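Please read the structure below before turning to the comments.
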């Protein structure tokens, strides 16, 4: 359970517009990687126009005089390993790629079908947004509106015109990638929060694409503002019909302008903060979770949003954005209805004027993409000379001075073309029927838990079956006299006298006669002596200084006298403890620890079997026996457990505490306090219970695609802890495959903390081989001896704890802990590979399954963000995997998000969605496979554009919609 070497503290990047920080200019290409301006040939752009930034019609936050205020340009932060949350790294390159991916789809539907510029214009410089009612250029620049409408009105009088129009309609999407291949497209999210610099760059691109000089560009700023409203309403009537149609075609999904860590910054100094709902601004409210550990235990507890992609998942899964999407769709549909009626009125006016003049009007207008790119549906490429756009500045001035109606410039449209146009529009609208997006229900923001009340969840011992009599068997080793087992009495060891086995199937004990040590006799000859006798001699000396303890340990570990470091132990003794505490340590606690350690052959009389891979075996021993074994581990007496590499016990965790004594980490004194609290308690009063260690190895797993079991009940909360609020439940240890992780080293995250406050767990490291993919370790009966505060670097021993857990018929505390190790993903996308998903499902299923036990006798699973944090797991995927595994094992789930309220709501919404639609385990698993195929397999960026939960919502709704139609397959 280690955060690993990659978890280093990260600093915030300066935000533009913050105090003392100025936004880079639009011309600074270094500030916008991959976004350099494209300047066309000067002859293609003889005249440039700028929209005055002080225009009152401009929308605040996009452009205008607020250059000094906080902009909405929010950069992704580096991972911050803090108390509540973990973010993953995100490079500038990946951010650029991701923005490109998210912007390409809506932009493609906005690109014109025609090549409006014959003057060698190969690329479209800047594609405007589709949100017509919020475009700042539309509100502030009347001449843009006039030019836009003129572009809409370009029609050819020939009868073949309608055929070209209908034939060219599909090209709206197919031609877009070619036009956008090298276009200077704004890569920031399409929200109300464009920065001033970004908007200036947009306007510059529009101006370079304008090869004519318009007459009304010479108007004053005041005139432009006064006329903008009336001009805009008149010019947008014809354009909105096609614009609304194309908006449905594009299926635009607006992304959030906010990052998880920037919600507070955006809210200050911006005029758009009234648009933020509580859920948007609350994405980064909960303080982040700090994750630190050593390489042995990179397992960590995540928030969630463990990574940059999570935070992105939060943005995608937020119901606020979906509501905005629906509002945009409704507004576009309304625009379609209005503009259709207005278009018919315009056509009638056109015919009257055409008959009066008696001659064909041929006008060529310059289309400018500054306000409404959606009008491209009305513009098909004309043939012959009519495609040339030879409009000079003089003709533009004349049109501007006459101030004529825009409908004066329409060419007569034949009636046959009118009918064809209407039929085409009807067909287009029918084909565009969309499946409505699922919007998760709004949940009360003040709720601390959601789902089934925790009081209704099954707990031990009330839900359990009556245990059979405790008896040893071929699959169960019992090291005490079961016939003398009494409540409140210290169990008697079995057999009565010590039995030694020195082989590769049992623990090699320090007190074994085979534990020999080279010594020199009186004649100087080297002979083999008993190492146990040397241990007894060394430890029976009095310890008044830490140096005495160091010398005693090295006396029987001579080979490591120059390798082992005791700095942490010396500093703890000399610098951390008060004089009275140090005196109590060497006068009382250490002598008692020596006594119980040297009683090992009288307490642990039976050889302890090694729990090797592929074994299904249990070991039940007394708490007193465990205390004696741990005292020997503290004094580093276990033989053959210090060598590394390909040694005999290289596939087993460390058991001797020598690594706990090294270094100057601030974690070590708190670890030593916690362990000395345990040793003081068990030496002052002998414990009377039993503890069972079970290695479970499964060969048969569900066929996940065909598993028809429904999801079980869920209680999810962002408050509390697994050990504190999951009493009587199956409590998940987010384990390292070497159980205990870095508990005897520098690790101090979820697993290590649990092993410290329940130190009897540490003895499992003595005999449990590294876990395989289909295995878990189940520990029942350990007692909690300490309370703590903090996490990782902030961990502090608080006080001694009296465990009030009930005891079962075997005199075990009703505390069941399962150690399951998750995979370590170095690439975010790897965890969605079907083989990896199946492995994690099998691992969780192995930990949750109890063969032969009825579901009504199984307690709920108390778990959390398993395999997240330093292991790179996505919290939402891991939550769904655990829900599926628990459903297959027929157990309820109590999920702790460790302070992440947004994750709590997301998990609950997903669980509610799946259960209401009666999606069983197999159907959800197939959705996970489909997500990999459609979103992850061919993804070139670090993370997919569509996050998991939004994809499941849409895919499940699409499948339900399709299944309602006869003859259609569901696609899941």
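The backbone N, Cα and C atoms fix where each Cβ goes, glycine too.
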Phosphoserine according to Swiss-Prot, picked from 166, 259, 376, 786: 259
Of the residues 188, 286, the one that Swiss-Prot lists under phosphoserine: 286
256, 318 - the residue Swiss-Prot records as phosphoserine: 256
10-16, 17-23 - the range that Swiss-Prot marks as motif 'Nuclear localization signal': 10-16
Collapsed DSSP category at residue 870 (substrate binding site): helix
Most crowded position, judged by CB atoms within 10 A, among 722, 868, 870 as binding-site residues: 868
Residue pair residue 722 (substrate binding site), residue 733 (active site) - Cα distance, angstrom, rounded: 9
For substrate, whose listed binding residues are 722, 723, 736, 750, 791, 865, 866, 867, 868, 869, 870, the greatest C-alpha pairwise distance in Å: 22
Residue 733 (active site): nearby binding-site residues from 791, 868, 870, Cα cut-off 10 Å: none
Between residue 751 (active site) and residue 868 (substrate binding site): CA-CA distance (Å): 13
Model confidence over the region 'A-domain' (1-452) (mean pLDDT, whole number): 43
